[in-house]
Amino acid sequence: MRFRSSSHSLKHVDRELKELINSSENANKCGECGNFYPTWCSVNLGVFLCGRCASVHRKVFGSRDDDAFSNVKSLSMDRWTREDIDELVSLGGNKGNARFWNPKNVPFPFDGDDDKAIVEHYIRDKYILGKFRYDEIKPEDFGSRMDDFDGESDRFDERNRSRSRSRSHSFYKGGHNRSDYGGSRDSFQSSGSRYSRQLAELKDMGFGDTNKNLDALSSAHGNINRAIDYLEKSSSSRNSVSAAATTSTPPLPRRRATTSGPQPAIFDGTNVITPDFTSNSASFVQAKPAVFDGTLQQYYDPATGMIYVDQQQYAMAMQQQQQQQQQLAVAQAQAQAQAQAQAQVQAQAQAQAQAQAQAQQIQMQQLQMQQQQQAPLSFQQMSQGGNLPQGYFYTQ
């Protein structure tokens, strides 16, 4: 049995995986919570994951015995194959996952960083209960369990892998094998009659190759939206492959000979110039200090196949994030203090208004009492002087 385990193919797979992470569809983010620098990926669901969301995927899907599963793989520790990359591309990455599993655009819970149980409910509602979709979840939406490899054994031994892949891989590669249509012309014709309406719609949309359209519909199980994604990804992939074939790649610099084999290329923050480099270079240009622009760079060692992260840049990124959180906390505290001050001013104004109203009421009462006391006195004075008003008379 022949295995695709040469260093040349692994280099291409790792490079394509790195480019896929930083593409516009994924933006180097976790497809669930949106955190930067994902370190895991669910291959069959087509979504990159951070460490927290990857552990939630294992917890939610690990104890199930039905058709729902998540094939979670590490980006640096597990071994990736061409089929894994093709499946991720065909599913559309984080954006494709959101379109298929969350068309209602339900946001990730804000309290997910504090309570992991909320994240579990979110993942369960999204993939198990299908609350974020308009249609029901089907078993074929999760793909085939034959693609779900054990991550630990996959890091060291590729012989346990199944060579049977989904038809989305065969379509993405551009090959149209007769076995993809059931192995006979009758099966091909039955699929064409079953998807006749979808084929007509694809043809009206400009996809004129009937064989490719039928292959895409068979891979998508009749879902026309996924079939369109397959067709678009296939076209863009062939264009990128042809463009890459026409451009030549510059050779890598030579490594110094070592007796103990290749070592991990970990950046320690120093600028070291080897003697081989100085002897082979006609002119030496003084290196300038690196300026941190806020983005975290990942480094790939082709000898070991491992991906490293500059610890100094990682610390600076974490420091910037902490400063932003502190500034946000200070702004919230200031806003709260201003709100309290305004509330106190309003309370004082209301108290003053009530006091003024009470004072006016007391003055009105005193004025009424004075008027009542003055009325009998004026009547008595008029009677003593003999000048009574018309209609009044003396009685004895």
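Glycine is treated like the rest: Cβ placed from N, Cα and C.
Bear in mind that the values here come from a model prediction, so they are computed numbers and not experimental data.
From S63, S153, S170, S234, the position flagged in Swiss-Prot as phosphoserine is S153.
S184 is the residue among S9, S184, S236 that Swiss-Prot labels phosphoserine. Counting residues per DSSP class in helix, strand and coil order gives 3 helix, 7 strand, 14 coil for the zinc finger (30-53).
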